[in-house]
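This report refers to the structure that appears directly beneath it.
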Amino acid sequence: MLSYQHVYHAGNHADVLKHITLMSMLKKLTVKSKPMFYLDTHAGSGVYHLNSEQALKNSEANTGIKNLNDSANHLEGLIADYLTVVAPYQQSSQYPGSPMIADELLRDHDTAFACELHPQAFNELQSNSKHSIIKAQNRNGFEALKAMLPPSPNRGMVLIDPPYENAEEYTQVLEQMKVAVKRWPIGSYAIWYPLLSPQRVDYKSGEIVANPKAKLSKLMLASLAELPVKSVLNVYFSPSSPSPNTGMYGSGMCILNPPWQLAEELEELIQQLCSCLSGDANEYCGVSWLKTEAQK
Ligand SMILES: C[S@@+](CC[C@H](N)C(=O)[O-])C[C@H]1O[C@@H](n2cnc3c(N)ncnc32)[C@H](O)[C@@H]1O
């Protein structure tokens, strides 16, 4: 059953990290005029209303886009470009999802697909992407990943952004990635993952209990780094420290075959995000190589 709805989280710190990283990758992949392939396996509905009852339930955008706006005048480079993309949506209290962010950077001769399984989110995605380069598909993104690779054109990237509501989804990402890199070893892949606090407050009893899912991202990253690709980069950001009250205190992107010089650009991004959203650099923010070409 699909119960996850991204509107509750739209524009939070994790969306900010994911969408700026996506922009950085697409900017680098579109430097060459040759056409590229883009697949978003878990697309969501494309546009979110930040004044909706759902978005205001926990006001998660306050940890991300709304907080960044306060520093907008001082920001340069990638973050400034991201704010320029988001600004027209914000005029009507909206926030763009990954398909709309990608559409800003893709060109008419590129090939782009966005998969969404939830019927209502798909209808919204279809309507929101009507005038875009993105072809919305109402199908399982993991199944599409298998079916579409290797793609034509044979250069480009895949964004994988599952809800991770169930522990099985971590294993599913890994299993699907094993197949994907076998079919398309030269593609770039960006896999979003949550950083969860080791303990959480049980919503029924109010007691602090262990969160068994907290270790799963780390285990998944270790296995992703073993896949037969040239290099694996990890970028992660958290505006706060782990705490039972926070649940997801941060997030990261595991990037297989990152485009040339992505790491340097993301280093700068993380420093800026830390100074705008978390007050200062902390141990839960950084960029690190999980595998380099020399280790292949
Ligand atoms: C985290 S949200 C996506 C957010 C979006 N990528 C963004 O950044 O704006 C995950 C979405 O995946 C959808 N979903 C869950 N399982 C799926 C699957 N197997 N295939 C395609 N979509 C799926 C959910 O309905 C939800 O809309």
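Note: Cβ is positioned from N, Cα and C throughout, glycine not excepted.
In sequence order, LYS18, ASP40, THR41, HIS42, GLY44, SER98, ILE191, TRP192 are the residues of the chain that are 6 or more apart from ASP161 (active site, proton acceptor) and have a CB within less than 8 Å of its CB. DSSP assigns ASP161 (active site, proton acceptor) to coil in the three-state reduction, outside any helix or strand. Residues or ranges marked as active site, proton acceptor by TrEMBL: ASP161.
In the three-state DSSP scheme, HIS42 (S-adenosyl-L-methionine binding site) is classed as coil. Here TrEMBL flags HIS19, HIS42, SER98, GLU116, ASN140, GLY141, ASP161 as S-adenosyl-L-methionine binding site.
Annotation comment: TrEMBL describes TYR4 as site 'Interaction with substrate rRNA'. Annotation note: TYR4 (site 'Interaction with substrate rRNA') sits in a coil segment as assigned by DSSP.
The binding-site residues shown are HIS19, GLU116, GLY141; of these, the one with its CA atom nearest the CA of TYR4 (site 'Interaction with substrate rRNA') is GLU116. Over all protein chains present, the Cβ of HIS19 (S-adenosyl-L-methionine binding site) has 24 other Cβ atoms lying within 10 Å.
The most crowded of the binding-site residues listed here (SER98, ASN140) is SER98, judged by how many other CB atoms sit within 10 Å of its own CB. Just so you know, the Cβ of GLU116 (S-adenosyl-L-methionine binding site) picks up 30 other Cβ atoms within 10 Å once every protein chain is counted.
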